[in-house]
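J.: Straight out of TrEMBL:
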BINDING   40, 42, 67, 88, 123, 140  S-adenosyl-L-methionine binding site
COMPBIAS  294-316  compositional bias 'Low complexity'
DOMAIN    47-225  domain 'Ribosomal RNA adenine methylase transferase N-terminal'
REGION    294-334  region 'Disordered'
């Protein structure tokens, strides 16, 4: 469900939510934040403004916000003059958010440089289209689904050129980690395939309600305007999953199932210029791209050889075939 609010309107003198405001709104709708839904709301206006500033958005960006909750970051983005499309799975929160935007953002009808707000009440992992194509993703992601949601939006919205998400600090460090790091793994490679990933800041526990058990981190992704081939992504992600599924094994062993055997894995690794004794944690995105390309080239070669063999077999007549088809008219008449 999509709910547009104040289309063709500009939000002026936006008032950001305080800790008291957030608790009052929560009490009004009977909300008790749960860990199951990953609900931790930012209650400090200065932190909200810091998050928006860290996003380094162009003027009047079209921003998609996932998990807006009670509206703290939503209002911060609107205050900065951006168009916001908020995606909220919780029906109660989604029902209340438009009223919060109306109350805390004074509106001026038909003002220049319209700053619009739209709400999509849906599961972010199932969203494949939005009323406005986003060029930026800014969100305090629900901690329990942060990485899947991030990768999903990077996949289905190629219009994105900038991302700033707040996640658990350990997840932030994992996303930004480089090859050889203890925290480097599948999320690191997949996120970095889309763009330049950096750790943009650290957020303490005291600015949330309820306070989480650990600190949070801001992750910024600069997504270049280059075409990403879906087939290339699938091939690369497949080899990445295989390489880290058995993290302590050499790539020759870890990729055996993916390649069709350890010997074949070694051949593909050497074709990509990678030592078969290397472990997955030592490879960068470029290395995985070469390996995925080597696998794809091998598949194409095998397919071409098989097709050629089939064509040759189909065009070769045995002596019996020759006798049977030597005079088809005679056969038909008999």
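Heads up, the Cβ atoms here are built off N, Cα and C, so glycines get one too.
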J.: Mean pLDDT, the domain 'Ribosomal RNA adenine methylase transferase N-terminal' (47-225)?
T.: 93
J.: Would you please pick out, from the binding-site residues 88, 123, the one with the fewest other Cβ atoms within 10 Å of its Cβ?
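T.: Relative to the other binding-site residues in 88, 123, 123 has the fewest Cβ atoms within 10 Å.
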J.: Can you name the residues of this chain that are 6 or more positions from residue 40 (S-adenosyl-L-methionine binding site) yet have a C-beta less than 8 Å from its C-beta?
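T.: Non-local contacts for residue 40 (S-adenosyl-L-methionine binding site): 33, 140, 143, 208, 209, 210, 211, 212.
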